[in-house]
Amino acid sequence: MSSQADYDKRLAEEVGSLSTRLVTAVNKQVELEETILELRKQVSALKLKNEQLNQSDIKLKTILPKYIKLQDDYRETLTKKKEAESQNTKLQGEVEDLTASLFDEANTMVSNASRETHNFKIKNRKLYEELDEKNIIINDLQEQLQDLKQMFIKMEEQSKIQSYSQSNTPKIESSTDFNETNSIHTNTNFSESKLSKYNTRSTLGDEESQNYNLQQLQRIIYSPLITSIRFDLNNYNIDFKGFVYQLIKPDFQFDLSHLKTIPFFKSIWQSEIENCIHYIPSLPATTTLLNRWQKGKTFWGSLIEGKVSIEPIKGSNETFKLTYKGNNASGNSSNENTESISNRSSATGSVVPVAIKDPCTFCGEARNDSLEHCRLYHLKLFESNTANNSGNNSTNQDQQGNNDNTHVIASYPLCNYCLIKLRNLCDFFAKIRLIRSNIFKLKQNDSFDEFIVVPGSFGQFKRSNTISNRNGTYSSSSTSSSSTSSVSSSSATTANGESLNSTTHNIQLERTEESKLIKLYIMMLLIRSKIFWSKLGFWDTIDQINEINLDEIHYEAFSYLIPKPTQQQQQQQGDIRSQSNFNSPRQSVDGRSVLSGSISSPRQPNLDKQQKDSIVDETVAQLQRDGVVRSETASAEEKFEDAISDETNGQEQLRSEKLQTGKTVTEPNSVSESEPVQEPEQVRSKSNNNTNNKNKDTKIEDSDAEHTFSLKRSHSKQFKDQLNKELDQTLEMLAENIDFDESSNGNGNGN
């Protein structure tokens, strides 16, 4: 048993020693595995570094030659820079020498100019002395003329006031009291005593029948709808559109004389606006002599430019219309209105209407029996800082008010009848200024320029054109009457034909553009209808008038009113397009040659306007068939209108023959540009040498064929046109003033 125990003990010891060895071996193995992992990581890191080094080595091999090349280039640029700096220093020296020489030349030129200016100053001083002497004479004459004008003005005003007070207005009752400030204060006794006589009709008949009659009388007299307005007539398609596109041009001078050259405005002016104000009052003696002499032009110019203000005598004058309906209302309502005014006036003294004792300046209304006859407002005319500069008109004039006004020229009392008329007139010109400012951003369009007829407004002051040449002076006054009459008759025929819609012109526009124009047209129709009704006379209270507010309607809504083109119009437009692409010359109705199609010449960019004008001339000739079409360009017609209008019918035939000759010369080299306009001296010399012999005509044609394209335009023609324009404006001003004086004298004699 002891041996067995020893044996077990030894086995146990041996097992313990083996287990310890096994544990130590396992620990060593774990440590070795960890070292192996670390070594593997180091190997992988070294491999990555090796790959990076290999790539960098490859890049270095590729970049090294480039670097060497860049170094060489840098050395070359340094050498070039040194050379450029040396050249720059040389050039700077040359520039300094040139500047010194230029300064010397400039100093010599300045000294010469100073000498010339000194000489001119001496001459101008002498001229100023002569002008001063003449101005003294002119001032003496102006003082005499001013005294005469004041005497005539006083006589005219006295005769007007007497005629209106005797014929149109009753005498003021003795019971009416005026204060020292020429004002009327309405109270309870005044309103009851003056309005009691109209209450007798309210007691007649039954109350129900009276209400029925009142309901019948409270209906609209005549009021068309917007959808009933026609937009297929020439008064909209041609006249109004041409007026709008002419008005929004930047170079258009916004004043009365230039507005009256547009047919649309001229027709409205003659038939609707000018007859609104039958009598234009004189300006006070504090204004200048020119303004007093041009009282009509000053008055209408102030309305057009917005330099007027219509203000009540007292603030309460604007509120009395809310309760007061005048004599046209029924007796009961009149009593109620009178009682309300009296109660309000007795309760608060600040709402009492105040009137002026003086009669109305424009119609002579002097009655004081009711509030609608009293002068509760006054019109103020302002003078701007730029009043004397009539040509500098811009969109800043569209702002109506007193911001740019300096002082009041005159103040006139107004009755309610003239108040409504003048308010509508001011609104009319405000709408025109609104169109002028182009608030709807309309695009510039020259398609309607050919339909804008500019008639002569002062024929009796038309100057006879005289052109001097080497042989002497030739006057065209003998032949001006026949040519002027023929031109005026042809223009009148064209205007009347288009006004009667015998010839329709349908110029296509964009849909948005057309809708904007329709809104503007309806806006003008609205204010024109208000002017018409104001001339007839009506009471402008809010509950008595139905008016549309166009500002609440967007312009896109008016696109539904655009008329659709008919089948005939579409076919006609197709014919016009096909004719515009026709490239061969053709003969017009009167035998004149018209050049159409493509024009090939070195001056092609400058002939776009002439091509458009020639195509339009062809279409107009085909549509009218009996009209006369000019073959000259539009620019030539504008520059030499006076010279061409003074020629006789035989000279016009000669000009057409010359154009045909020029056509035959240019046909071999395709169609060239249109015939240049000849100088007026050559035209008149040829007109003197022109006789009825056919041999001389052929000689003139041959000479013209040789020298037609060698003519050059002179800058003196532009100066001549400018002088003619200024002279025409002064003559037109004189004509308007004489017309106003004659009309005022005629009204005074009639009364």
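Note that Cβ sites are derived from N, Cα and C of the backbone, with glycine treated the same way.
A quick note: this is a predicted structure, and the numbers were derived from the prediction, not measured.
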S584, S601 - residue that Swiss-Prot labels as phosphoserine: S584
Among S159, S370, S598, residue that the record in Swiss-Prot marks as phosphoserine: S598
Per Swiss-Prot record, range annotated region 'Disordered' [choices 179-199, 326-346]: 326-346
